[in-house]
Amino acid sequence: MTALLETRGVWQRFGGLVANSDVSISVGRGEIVGLIGPNGAGKSTLFNLIAGVLPPTQGSILFDGEDVTHMPAAERCQRGVGRTFQVVKSFETMTVIDNVIVGALVRNTVMREARRKAHEVLEFTGLAARADVLASDLVPAEKRRLEVARALATEPKLLLLDEVLTGLTPTEAQTGVALVRKVRDAGITVLMVEHVMEIVMPLVDRAIVLDLGKVLVEGKPADVVRDPKVISAYLGDRHAVGA
Amino acid sequence: MDKDFAARRRRDLIIAAVLAVIAALTPLFVKDVVVQNILILTLMYAGLSQSWNILSGYCGQISLGHALYFGLGAYTTELLFTKFGVLPWFGMLAGGVVSALIAMGLGYPFFRLRGHYFVIATIVIAEIGLLLFHNWEWAGAAMGITIPIRGDSWLKFQFLRTKLPYFYFALALCCLAWFVTWWLENSKWGFWWRAVKDNPDAAESLGVDVFNSKMGAAAVSAFLVAVGGSFYAQFVSYIDPESVMGFQFSLLMALPAVLGGIGTLWGPVLGAAILIPLTELTRFKFGGSGRGVDLIVYGTLIVLISLALPRGLLSLFSRPKKTGAAR
């Protein structure tokens, strides 16, 4: 079976800055893949290219066997790409349920069904009790959760999570981890950008480490964290020598 | 929760029906022509503001140029009537279609603008429209068009001896605009519009066609406003550029919604019910020299509202949502 997502030789330049250079990765169906790397490694750029915020300068992106390189974000969503935002972008003047209904409308044209789907997703993500609260009144951890709920309501094949576990308390992060597992168990492939290694490593099946816009290492989390190249990218060369 | 929601929708519909019936009965008790006139204008502006609210309140694309569509409705109707003998009813429809098309044509470049830049563009475009009509000889230029009086008739939609038909038309327009809003509020479009208003990037990521949402809102909004404009032309039976396309109309469509609660179902009606009688009465009281007093009233109201109730008068009625308690 072909990979669900594949990038082939993707480059992204912003003026003189090369944010991604020759990035080729693939994500298989049913995997949880972590995209990690130090600050400025080009994770968010790659993430935005996959979500369709902008087309890459060079290279191509394949989703579900189809070339989506130049497809706008809204159409990718219809094809089955769901995403969250690193800086949460809730619909602040709408209630939690209404936020999720917007996502559910992608696959449900009848309002009644979209509403039912939205309730289902709120149940799944543990937000059901907050359905009628305005999104602006949620606490930060709930807003993150709402991002996930909204994306799930679009019934994606691939869910892109942009630092959903960052900045949470340890307990909140643990419930977040449980939710990501639950999402995968529901048959949805997950690609997550994450900063906090100790949370993300036990969770993912595979980790891709980016550094300076390039794929540095790719493999099982346990191997990746021991890789001298990764240690040197994160901590500097001095620490890598001893490893 | 679903039941709560359905009940609220039904309650809105019942309240609207009751209000419409009460409004329809008022002419039985109100015989004074001046008061009838105020009622007609109040209903008309309620309908216009409701239509403005679709694009600017729900979809968040603030327009201060809706006078353009109002004027286009008026001109299309009267040009067709005076030049080609087309009945105002068809002219009304034509005016709506012309306005909707022009709104989409203008939306094509301008919906790429965000925030203040969009607002500025709407003002400029409406002013350009005004200037064009000022200089368009065939359309009467600055002299305007006098609608030939052929006696009271529903067919030609003109009445000299009574204002009642105008009253009922204005009421129907107001009800139509309200009902369209009510209906769209719980549709894919309604949700898309609010999502676009709150956060276009997030909306896009959820499969919302942001650009076409705006286009749809603009078309519906412009159509209804143009119908209002063509009604107004029949009502006053004389039009010139200033009197149907002047900037004050843009203001009078925006203000009731802002006053009552922008982006809400009931805001425009509530706002118009307060604002329009107030301005008409001050104008009546101060006569010709009162020009400007209504502007002072608007200004004061806007300052008060934005200081005390930025979400409009309607926010007084809605119970504050409990933020802490989970249900």
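Backbone N, Cα and C define each Cβ position, glycine as well.
Keep in mind that TrEMBL annotations are predicted by a computer and have not been checked by a curator.
The annotation transmembrane segment is assigned in TrEMBL to B:12-30 (among others).
Taken from TrEMBL, the feature transmembrane segment applies to B:50-72 (among others). Residues 95, 98-99, 102-103, 111, 118-119, 121-127, 129-130, 133, 174, 177-178, 180-181, 184-185, 190, 193-194, 196-198, 213-214, 217-218, 220-226, 228-229, 232, 241, 244-251, 253-254, 257, 262-264, 267-269 of the same chain, all 6+ positions outside the transmembrane segment (B:50-72), place their C-beta atoms under 8 angstroms from a C-beta of that stretch.
The annotation transmembrane segment is assigned in TrEMBL to B:84-110 (among others).
Under the heading transmembrane segment, TrEMBL lists B:116-133 (among others).
Residues or ranges marked as transmembrane segment in TrEMBL: B:166-184 (among others). Same-chain residues lying 6 or more positions outside the transmembrane segment (B:166-184) and placing a CB less than 8 Å from one of its CB atoms are 9, 12-13, 16, 20, 23-24, 27, 36, 39-41, 43-44, 46-48, 50-51, 53-54, 58, 157, 159, 190, 193, 220, 224, 227-228, 231, 234-235, 265, 269.
Among the features that TrEMBL reports, transmembrane segment is placed at B:215-239 (among others).
With a cut-off of 8 Å between Cβ atoms, the residues of this chain six or more beyond the transmembrane segment (B:251-276) that come close are 12, 19, 38, 41-43, 45-46, 48-53, 56-58, 60, 62-64, 66-67, 70, 174, 178, 181-182, 185, 194, 197, 225, 297-298, 301-302, 305, 311-315. Per TrEMBL, transmembrane segment is recorded for B:251-276 (among others).
Annotated transmembrane segment per TrEMBL: B:296-317 (among others), in sequence order.
Within its own chain, the transmembrane segment (B:84-110) is flanked in space by residues 68-69, 72-78, 118, 121-122, 125, 155-158, 214-215, 218-227, 229-231, 234, which lie at least six positions past its ends and keep a Cβ under 8 Å from the stretch. Within its own chain, the transmembrane segment (B:296-317) has Cβ neighbours under 8 Å at 251, 255, 257-262, 264, 266-267, 270-271, 274-275, 278-279, 282, counting only residues six or more beyond its boundaries. Residues 40, 44, 47-48, 50-52, 54-56, 58-59, 61, 63, 66, 69-78, 88, 91-92, 95-104, 106-108, 111, 144-147, 149, 157-158, 166, 169-170, 173, 176-177, 180, 184, 189, 193, 253 of the same chain sit 6 or more residues outside the transmembrane segment (B:215-239) yet have a Cβ under 8 Å from a Cβ within it. For the transmembrane segment (B:12-30), the list of distant contacts is 36, 39, 43, 164, 167-168, 171, 175, 178-179, 182, 265-266, 269: same-chain residues at least six beyond its ends, Cβ to Cβ under 8 Å.
Taking Cβ pairs closer than 8 Å, the transmembrane segment (B:116-133) reaches residues 61-68, 71-72, 75, 106, 110, 139, 141, 241-242, 245-247, 250 in its own chain, all 6 or more past its ends.
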